[in-house]
Amino acid sequence: MQSSMPVPEDLVGCRFDVAVSKLRNISRSKASDFISKGSVRIANRKANKSALLLSSDEIIFDDLVGEDFAENSCKNDALQDESQQKNLQNIQIDIQIDNQIDNQIDNQIDNQIENLQDNQQNNQIELQLQNQAIEQSMKIAYKDEDIVVVDKPIGMAAHQAQGWCGPTVGEALEKRGISISHTAGDENRRGIVSRLDAGTSGLMLVCRTDLAYEEMKKQFANHTVKKTYHALVQGDLTQNKATIEAPIGRAKVSDFRFTITPNGKPAVTHWDVLERFGQATLASVNLETGRTHQIRVHFTSIGHPLVGDSMYGANPVLAKKLGLTRQWLHSMELIFTHPRTGKVIRVESNYPSDLQHALEAMRELSK
């Protein structure tokens, strides 16, 4: 005699021995023993104890499979419906728990996305306010119909470039209603004949007319424009005045750094000592040429990087003592011949507050 039953829904995918153990309320080892003897089997296919049950399977039980099994079978046949009901209840509980967990995870993800969007929006607003503050801090040092000289703050680029999302001199001028030459120069450098790094403050000349652009471009190319910077360099310069003449080119190790290289463009820097502090020296610097990072690269090449210039190896400890977060470099004076009138124009600037504070702190340290 034998009996059979379809695989209960809650046991589909379950191991054969585990299912038999649950259905007959016997130990798993006892169930495995019955399966190996063939006393419990699956109709129409061979299945060992580790076989996974299919919904189409039918389980066959022999009635006379031993005393223990017979007793348990009698007991469990009566309790089979109750056991299956409990199993279904457990499955429903598991499903409810899974749904609750899924809902919690979905809510957490939604909250994270919402917080991220809020943070991005807040960051965008903060960036806009910061850019506006930088634009508003830009001063007009000189202006006529052909030329405008701005006193550029740090955090502002001369013109748009790849990867730059901050304010630019050209955009800041246009927002103030000050027109610049739009037909002279590259698309992103309209009216720009010389520039300052975003981290360098001070005077910068911009052309408002095509006439001014063409004439000033010649003056800068012929090195007739006098550009004077003040730079605080690390260490004690051994001479009171000197000239650094060394070609500058892009460094192989970085797209942003420049270095002294035989294949670089000619570069000439003249400097005079203004004040000595032992750990640092304040120098007046005149550029004959206008290479990118020229002052920074030239002083680094003689072992005296600008204070605060981490890109070129400055000591961060000294910069921290001075409360400095950028290179100590400021464009102090521009002297040029006016492109229309031929008059000599001289424009001067003062130190911004961060450089003034750092200089005063340097004086205190040197006492």
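Every residue number used here counts from 1 along the chain in the order it is shown.
Note that Cβ sites are derived from N, Cα and C of the backbone, with glycine treated the same way.
Database features (TrEMBL):
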type: DOMAIN; residues: 14-71; note: domain 'RNA-binding S4'
type: ACT_SITE; residues: ASP197; note: active site
Determine the mean pLDDT over the domain 'RNA-binding S4' (14-71), rounding to the nearest whole number.
81
Around the residue listed as 'active site', how many other CB atoms lie within 10 A of its CB?
18
DSSP-derived class (H/G/I helix, E/B strand, else coil) of ASP197 (active site):
coil
Within the domain 'RNA-binding S4' (14-71), how many residues are helix, strand or coil going by DSSP?
24 helix, 10 strand, 24 coil
